[in-house]
Amino acid sequence: MNSGFILIDKPLGLSSHSVVNRLRYLSGIKKIGHAGTLDPKASGLMILAVGREATKEISWFVKMNKEYEAEIHFGLTTDTYDQEGQVISEYQSVALERERIQMALSDFLGDSEQLPPMYSAKKIKGQKLYHLARQGKDIERPKQLITLYDLEILDYSWPLLKLKVACSSGTYIRTLAYDLGVYLGTGAYLSGLCRTKVGSFAIDQAVELDRIEASDWQTYLFAK
């Protein structure tokens, strides 16, 4: 079988494009795509489509709900809403009680409109927003409807919050972190992210990229 899908556990430090290129090198197949970008500073589950027939069906995975484990740092904001950006605001905040954060998270559950961050791979008129952001541009962009199904506190020790997020496709976790900081009046940015689930596919089903060899990559393929 030379066409199908592979679940990859992407490590920190690699771009999604680098993961795709690595599999192209190992398989000798150029037609490979993925069902959702993860930034280099994020880790976790990526679904790769290998071969022409598989890439035609990749939108089926793109539309699936996602789950993440996120780390949010209170007291600072950055221009990218995550740890890679420049600090633009510092807050002299008193440590928040866990109950206050839990109440705020409850208000975020359900349907809402979210503004995509400028530092993102989303395209507006054919241009990726982060390309424009790096040129110092901040353009008008439409809000998009998202759904937050679950926001569960996994750990909290001021100023760090570890959070499980279950959400609809198209949700930006860095924007969630920023918006939570605005809501609480403390500022916040996303300091860590791991995607743990896409639809019914979980990270514990995925293979680490450095375990795949040119001689065995086909053993990890599955059909839709």
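Using N, Cα and C of the backbone, Cβ positions are placed for all residues, glycine too.
Predicted automatically and left uncurated, TrEMBL annotations should be read as such.
Here the structure is a predicted model, which means the values were calculated and not measured.
The domain 'Pseudouridine synthase II N-terminal' feature in TrEMBL is assigned to 26-173. For ASP39, the entry in TrEMBL reads active site, nucleophile. If you look up TrEMBL, you'll see 174-215 marked as domain 'tRNA pseudouridylate synthase B C-terminal'.
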What residues elsewhere in the chain lie close to the domain 'tRNA pseudouridylate synthase B C-terminal' (174-215), defined as a C-beta under 8 angstroms and at least 6 residues from its ends?
6-11, 14, 19, 22-23, 26-28, 35-36, 38-39, 41-47, 61, 64-78, 80-83, 85, 89-91, 93, 96, 100-101, 104-105, 107-108, 114-117, 119, 148, 160, 165-166
If you average pLDDT over the domain 'tRNA pseudouridylate synthase B C-terminal' (174-215), what do you get?
97
The domain 'Pseudouridine synthase II N-terminal' (26-173) - residue tally per DSSP class, helix then strand then coil:
29 helix, 60 strand, 59 coil
Quick one: DSSP breakdown of the domain 'tRNA pseudouridylate synthase B C-terminal' (174-215) into helix, strand and coil?
17 helix, 15 strand, 10 coil
